[in-house]
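Everything below concerns the one structure shown next.
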Amino acid sequence: MAIGEKITISVIKADIGGWPGHSRVHPQLIEAAEEVLAKAKEEGTIIDFYVAYAGDDLQLIMTHKKGVDSPDIHGLAWKAFEEATEIAKEFGLYGAGQDLLKDAFSGNIRGMGPGIAEMEITLRKSEPIVTFHMDKTEPGAFNLPIFRMFADPFNTAGLVIDPNMHMGFRFEVWDIKEHKRVILNTPEEIYDLLALIGAKSRYVIKRVYPKEGHKISKDEPVAVISTEKLYEIAGEYVGKDDPVAIVRAQSGLPALGEVLEPFAFPHLVSGWMRGSHNGPIMPVPMHQANPTRFDGPPRVVALGWQISPEGKLVGPVDLFDDPAFDYARQKALEITEYIRRHGPFEPHRLPLEDMEYTTLPGVLKKLEERFEDIE
């Protein structure tokens, strides 16, 4: 392949067993997935791959020519997760296979448990991308940083001074409860956009597109986020959604530093212990993506890549492995210490409507007959 041709980048993740508890991925699970993907690369199914982890989530990063939602690619990811799950079961790892919510692959991995972010793009002369991997949180955790990357001039100077970005971007927002979507233009609809995405447990940014007149086609995404909600698939709490994202950078898009800048502020996200608490998202290098304190605080890893003209993944560069993010980490720990002192009280604990898949409904049912009217 060559510059100007179509290539697909797929990031597919699943929690298939923690070591120990919910803290990290066992190295042999990574090796098992690597073996499956290496064989697929030899056979020409994929161009290149890398297996990463964030907390207890196994992360598959692949390039290929098969487009988004390819049964071949999704089936390959499912096979990698199944092979790793067998080892997880052999070792007795915690929650072995917990994100594989169906017994057999049926052509598309969506709705089966794993989280997916994919984009088919026209390869530029230089194609820098960042893959983000979060643990112990939900898809809405990306709302604030993605907004800042592509719509906040206080974060992204290019929106003001780069003529190729000055027209702004289009945001595809999903209502994940009503299963509807809307596309909003920035900067002209910025307040409408914020009205929605501020409610991060319901309205999530799914994709960002250029506008008409940009050097990149307006139908080609420049950012994509996984939006799978595990509880909607399983019907019960089986773990937080732990989203992933792919963001393109440079040359009419946010520069690499503008893509990373939002994470200098450890904003509050939902998830953490038992998926039922608010806490700060802490930017960390991959080797520190091992949530321990109260199963947290929630983590985000940023891996930087260049896509070669042949579609190879040149990288990764562990972008948060940098003292420039030490202050954000320290601030996240201060917020952690403060908010943990609330114990089982809101706003540390999530509001009632987000506690549906915990013991709380059972407690209310048990006490139902003891409630009396107040005169």
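Every residue, even glycine, has its Cβ placed from backbone N, Cα and C.
Cross-referencing R124, R274, R329 against the dihydroxyacetone phosphate binding annotation in Swiss-Prot, which names H22, K136, D295, picks out R274. Binding of Mg(2+) 2 is attributed by Swiss-Prot to D56, D57, D135, and the same site annotation extends, among D241, D242, D318, D321, to D242. Among the candidates D15, D48, the one that Swiss-Prot lists alongside H22, D56, Q98 as binding Mg(2+) 1 is D15. DSSP classifies D135 (Mg(2+) 2 binding site) as strand under the three-state reduction. When Cβ atoms from all protein chains are considered, those within 10 Å of D241 (Mg(2+) 3 binding site) total 29, not counting its own.
Look at the recorded positions D15, D56, D135, D295 and count other Cβ atoms within 10 Å of each Cβ; D295 has the fewest. When the recorded positions D15, D57, K136, D241, D295 are compared by Cα distance to Q98 (Mg(2+) 1 binding site), the shortest distance belongs to D15. For the binding-site residues listed here (H22, K136, R274), the lowest count of other CB atoms within 10 A around the CB belongs to R274. It is 6 Å from the Cα atom of K136 (beta-D-fructose 1,6-bisphosphate binding site) to that of D242 (Mg(2+) 2 binding site). A simple way to gauge crowding: the CB of Q98 (Mg(2+) 1 binding site) has 22 other CB atoms within 10 angstroms, across all the protein chains here.
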